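In what follows, a single structure is set out as C-alpha cells and then discussed.
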Amino acid sequence: MSLSSKLTVKDLSLAGKRVFIRVDFNVPLDGKTITSNQRIVAALPTIKYVLEQGPKAVVLASHLGRPNGERNEKYSLAPVAAELEKLLGQKVNFLDDCVGEHVTAAVNGAAAGSVFLLENLRFHIEEEGSRKVDGEKVKASAEDVQKFRQGLMSLADVYVNDAFGTAHRAHSSMVGFELPERAGGFLLSRELEYFSKALENPTRPFLAILGGAKVADKIQLIDNLLDKVDSIVIGGGMAFTFKKVLENMEIGNSIYDKAGAEIVPKLAEKAKKNGVKIVLPVDFVIGDDFSQDANTKIVSASEGIPSGWEGLDCGPESRKLFSETIASAKTIVWNGPPGVFEIPKFSEGTQAMLAAAVKASEAGSTVIIGGGDTATVAKKYGVVEKISHVSTGGGASLELLEGKDLPGVTFLSSKQ
C-alpha cells in the first residue's frame, strides 16, 4: 500500500455535490461539556475548503465513545454540533440519526452549502459490525450491515475520510462507500505524507525511539522497524527486559516481560544482521515506590537495581546518550516515553528526550511522534507546534509502523 498515491480532497470536483466527510469528533466530554475541542479544530481546514468549493451539502459523520451499538444519550454528538457552529461561524444542522428516510430527505432538501452533523455512527451495531452482550460478542447480520452502508451512501456523491484515528478499523463509515471517488481530507493526507516519507523514503540516518512496558506488545513493531531504521532506542519498561536478557543486569523489582524475554535474543540477532544499532539506557532513576513520595536514587547499569526498588526513568547519562543519538539522526519516529512521565520526579528523562526532539526538528530533521502517550507528552509540555508531526492516531500510527495496511486508507481511490 503506497501511502503517497491516494486521492486527496483537492483532487475532487465538489461544486453542487453532496460531500460526505468522515471526521473524528470523538472528543472528551464532562457530562454535556466538551473539555477539549482539539479534534473539532483539526477537522476545520477540510470542512472550510469543501465549503469554499460550492457544494450542495456537507455531511459530517463521526463516532463518540463506545455506546456498544445502541442509542445512548450520554454519547450524543449534539454538544459537538453547537461547538462546531461556533468555530465554523455557520449554522450546523444536527440530525438525530445517521441513516433513515428523514435524514436523507433533510440532506437532499437542503439549501446549497448547508452543513449537517449526523448523530453518533456507533448508535448502530452495523457501524462496528458487532456489540457485546453479557461479555459475548454478537455480530450484526451481513444484510443489516449492507442496508446501513446503503443508508449512509444515499447521503453522498463523493466521500472524504479525515479520521486517521479510526483508519485501522474496517468499520462501515471507513470502508462502506462504494462511490467512484473516495479521497483523504487534509488531516489524513498530512498523516500519510509524513508516514510515507519515513517508512518509504527516509532521509538517513533513520532512528526509531520506542518506549512502553511490554516487549511482547511491541514485537511486530520492533521486527518491522529493524528492516527500515539505522538505529533504535529502547526505553521505558521494555528496557529492563532487554538489559536483563542481553547484559544480565540486576533489575530489582522493575517490570520484566517473561514472554518478551524469549524474543529479545532473536530481535538482537536481526539487528546485528541488518547493521542496526540498539541503544539502551546506561543508568536509571530508581524508586522504592511507584509514587511521587518515593525515595529515589540514581544507579548505573553495572551497579544494577537492588531488590525492593524499581527503575522508573532513565538517568542523566542515558539522557545525554539519547540526546546525542537524536541529534545525529535525520528522520526520527518516536513511539512511547522513556519513563513514568505522569509522576513529576520520574519525568526528567521524557522531558530531556522531548527537548532533544524539538531541537532536531528545528535543525531540519523530520520528527514524527506516534499518537497515544507520546502525543500526550508533547501536548502536556506545549511543544506540538515545534515538532515536525504529532500524529492524531495512536492505534492507526502504531499499525502503520508495524507494517500493516490500514483499511480506511487502502479503501481510498488511488490517483490516476
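Numbering starts at 1 and runs along the chain as displayed.
Positions of Cβ are set from backbone N, Cα and C atoms, glycine also.
In Swiss-Prot, the CDP site is described by Gly212, Asp217, Gly336, Phe341, and among Gly236, Gly315 the residue recorded at this site is Gly236.
Listed by Swiss-Prot as binding AMP are Ala213, Lys214, Lys218, Gly237, Glu342; the candidate from Gly184, Gly308, Gly311, Gly372 that the record includes in that site is Gly311. A distance of 32 Å separates the Cα atom of Gly237 (ATP binding site) from that of Phe25 ((2R)-3-phosphoglycerate binding site). Within its own chain, Phe25 ((2R)-3-phosphoglycerate binding site) has Arg39, Ile40, Ala43, Leu60, Ser62, Leu64, Leu77, Val80, Leu84, Leu117 as residues 6 or more apart in sequence whose C-beta sits under 8 angstroms from its own. Overall, the recorded (2R)-3-phosphoglycerate-binding residues Val23, Asp24, Phe25, Asn26, Gln38, Arg39, Ser62, His63, Gly65, Arg66, Leu121, Arg122, His168, Arg169 cover a maximum inter-Cα distance of 22 Å. For Val23 ((2R)-3-phosphoglycerate binding site), the nearest of the binding-site residues Gly212, Ala216, Lys218, Gly236, Gly336 in terms of C-alpha separation is Gly336. Summary for the binding-site residues Asp217, Asp373: the Cβ-based neighbour count within 10 Å is maximal at Asp373. When the binding-site residues Gly65, His168, Lys214, Asp217, Gly336 are compared by Cα distance to Glu342 (ATP binding site), the shortest distance belongs to Gly336. Ranking the binding-site residues Leu121, Ala213, Asp217 by the distance of their Cα atoms from the Cα of Gly236 (ADP binding site) places Ala213 first.
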